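Here is the structure we will look at.
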Amino acid sequence: MIEIEGITKRYGESTVVDDVSMVIEPRSITVIVGTSGSGKTTLLRMINRLVEPTSGAIRLDGADNRSLPGYELRRSIGYVIQGHGLFPHRTVAENIATVPLLLGWDDERIRARVEELMSLFQLDPGEFSGRYPHELSGGQQQRVGVARALAAGPNVLLMDEPFGALDPIIRNKAQEDLLAIQKRLGTTIVLVTHDMEEAVHMGDRIAVMDGGRLLQYDTPDRILAHPASTFVDTLVGASEKPFRLLSLGRVGDAVEEGPAEGEPIAADASQRDALAELLWSGRPALPVRNANGRLIGKVTVDGLVRRAACPA
Amino acid sequence: MKWLPTIARLALLALLVAFVTSPGWFEPLLKPLTENNAPAIYNQGSLLTLTLLHLRTVAIATLAAIVVAVGLAILVTRPFGAEFLPLSRSLVNIGQTFPPVAVLALAVPAVGFGEKPTLIALFLYGLLPIFENALTGLTTLPANVVEAARGAGMTPAQRLVKVELPLALPVMLAGVRLSVVISLATATIGSTVAAKTLGEVIIAGLLSNNLAFVLQGGLIVAAIAVLIHDGFLALERMAARRMGRER
Amino acid sequence: MGTRFDKLGAVIAAIAAYACLFAPFATFRANRIVPGEARSMLESLPPAAGWALMAIVTAAALVALLRTPLMLRLGASLAALVALAVLIGVAGSFLTPQDNTYARVSPAHGFWLLVFAFTLLLADVLTRLALSPWARMLTLAGAAACLGLLLASGSWDSLSILREYAGRADSFRAEGGKHLTLALGSLAAAAIVGLPLGILCHRVDALRAGVLNVLNVIQTIPSIALFGLLIAPLGWIAAHVPGAAALGIRGIGTAPAFLALFLYSLLPVVANTVVGLAGVPRAANDAARGMGMTGRQRLLRVELPLALPVILTGIRIVLVQNIGLATIAALIGGGGFGVFVFQGIGQMAMDLVLLGALPTVALAFAAAIVLDAVVELTSIRKSEVPS
């Protein structure tokens, strides 16, 4: 659990983060979203004390983050930045081993950990461990960056625009991979982005910041349905709201009784994808199959349109 | 054709070694350049000894210059020394305008004749390119890499040793290369203040109007400079290629 | 409180304190050759002047040590430097016995350290002021005028270096002229040949590597050797080509020196022309073609103007380098300030060495400042174009 209490950061006259308080639940993904200059990155960097706050306190599992020297604190928190920041003079394996080496793990343990992580991130250790970062594709570099941040098994992972440098197709895949890995490891993730789509897709909770202030901190559906201010509403994008709402739900939750014609859609696909498919194919309903391939009912345009309406 | 430059360099090296160890073999080649039956091969000392002394002088001065210049560059890029950064840049700019001969000449009143003023001049003149390049290397590091190093929990000293210095290495090597090549040539001028270098051979040739001496002294230094220059270039390419920066 | 002290100021104050208290201010010698006797600041000057200088230096060092406004620091460094410059002349006449033409008084390392310390302060202030190119050239002109005034006033006449000058005023002027002719003339020749060669190398890929490699190798030949090596071919030309000798081409003297400097100058000019032209944005070039410019028009109206700052940087490197290298011409009878340097080394007369070395340094320094300013002026104009 991360408790942020009355955190303020000033540089001279300008206040970059203004009295922000929030509690981040363990094993969840919290997305901080805002325009550039909103103070979101500064807030993130105060959690691992890359930036020291002017006032206020941050507690990690109850312990003040100032109870350790900054560099020791940072070894216990994963950190992923935009553009990955891989060390160009070190191999993939050496990059991933950075924090374990700093912590003084023995060679055998480091080797085993590096291989484990590389497999987890779908990088064949035999093929990739000796390569240098510039020999990797953008998506591979991004995965190495996350693997490096997770190397010492931190409870908390901070991510600053981690998908910013990726093209759309690779970005979707990387987002899905991260969600899967988070589910598996139970790491608490705090992710900073300017992309509301990404926030709605990734976040268990979303914190919207503007001008250094925390405007709203809530679950994605409540942010969509009840924006706390016109700024949040604009950021969400009025014309996108119904679709974003649908993208939160799975087809399985919108199944109706009865048969339908055509190629079935998977129950774990998003409702937004289902609606898109229905509209594009010009049909009123699609059959739905569950993970075992068994047909469990249908999903209809009317049903989805009702779900896309603003929740009361 | 790719190996041709390597072969050429090896041949040059072999020729150089042969010349300084057995200059007698080359006498027929140089004889036509002399007049009045003057000796064609330098006869007031061994070419090998002079070459080694020349290299020693350059090596000592360059090593000292590396230690001081890199140390200074590290100092002014730390928070403690950041105040000195702008000034150090202007001093480097000013320092580069000092002609090597003038530095040499100005060192003589302070320390007398011989190897010492040469060492001082080579050291001072060698400082500048190394310092400038080390500074460039340490101030143009990719920001997100340095940020990642901080974020991974490296202490400032660990960041310097494990990330900043290795990343700045190719640029620093280029500075050392410039410095060494300049020093190799400047060291010959040291012989005007009685330092034992290959300049002795050239100056003896100038004084006795013996073109063979001038030629052999000059060519030995030039060959050494070309070889060392290329050696450093290869090192720099190796260091840069590992980081994916093609040069 | 650590924050009230200036770190550089602490260095300057320490140097100044050492120089004032422990280092000799001036050296007195009964004649030109004998070893000197050190004299401290108070011994070198009349009591009033000695204490005044001590006070000025102390005050300036305090200004440097504490965190003070920039303008105050500027004033302090200038005051200290002017006081030092004037009073070293006073020390000269004070220490020289009446009507003694053999005695020599020269500044000792205490004086040089003080000059160094306050020049450091001045350099720091000027760096922080971030002067515009024009202001920098004006400052240089001002400094040159002050120096000229001091020299003309005769207040330094009793110092050893000017005693050396007094006996050689004519040859100093002549050698100075030769030095400038060598440095500037070879630069002009290198520019005339190097620019077209650079453009050619830029256009013809096959030529580039070869030309640059050859020029690179020439740079590695030690200057004194290159000077010497050119004696023979030029001597041969003088002897065998009719009319060559009449043109001043000779085996020794100015001709080989000029040719050597020219060869050294070619690499920076050609290399920077190539780099500058290669750095012209593709879009600008494409646009010029798209508007129907011919190759020649593109070169003159787009490529060369855009490459100008880089080319000028090459010229700056050459000029500073040539001013320094021209000293070596003296070794092969080519003249220049090197004549005094090498004469001085030969006679172990260090004042004579300084008489050759100081003007060389001053010339190179002034050339660097002026050309840096010109480079900056041309690149400012370039960056004003909205991209």
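Positions of Cβ are set from backbone N, Cα and C atoms, glycine also.
Annotation comment: TrEMBL describes B:51-232 as domain 'ABC transmembrane type-1'.
The annotation transmembrane segment is assigned in TrEMBL to B:50-76 (among others). Sequence-distant contacts of the transmembrane segment (B:50-76) (same chain, six or more residues past either end, CB-CB distance under 8 Å): 20, 42, 82, 84-85, 88, 115, 118-119, 122-123, 126-128, 130-131, 134-135, 137-138, 160, 172, 175-176, 179-180, 183-184, 187-188, 190, 195-201, 220-221, 224.
The transmembrane segment feature in TrEMBL is assigned to B:97-114 (among others). With a threshold of 8 Å between CB atoms, the same-chain residues lying at least 6 positions outside the transmembrane segment (B:97-114) that come near it are 120-121, 124-125, 182, 186, 189-190, 192-195.
Here the transmembrane segment (B:120-146) has Cβ contacts under 8 Å with residues 57-58, 61-62, 64-66, 68-70, 72-74, 76-77, 88-89, 92, 95-96, 98, 100, 103-104, 107, 110-111, 159, 163-164, 167-172, 174-176, 178-180, 182-183, 186-187, 190 of the same chain, all six or more residues outside its ends. Residues annotated as transmembrane segment in TrEMBL: B:120-146 (among others).
Annotation source TrEMBL lists transmembrane segment at B:167-191 (among others).
Non-local neighbours of the transmembrane segment (B:211-235) in the same chain are 9, 12-13, 15-16, 19-20, 23, 26, 30-31, 33-34, 38-42, 47, 51, 54-55, 173-174, 176-177, 180-181, 184-185, 188, 198-202, 204-205; each lies 6+ residues outside the stretch with a CB under 8 Å from one of its CB atoms. Taken from TrEMBL, the feature transmembrane segment covers B:211-235 (among others).
Within the chain, the transmembrane segment (B:167-191) has long-range Cβ neighbours (under 8 A, six or more residues past its boundaries) at 54, 57-58, 61-62, 65-66, 69-70, 100-101, 104, 115, 117-118, 121-122, 125-134, 136-138, 140-142, 145, 197-200, 202-203, 217, 221, 224-225, 228-229, 232-233, 235-236, 239-240, 243, 245, 247.
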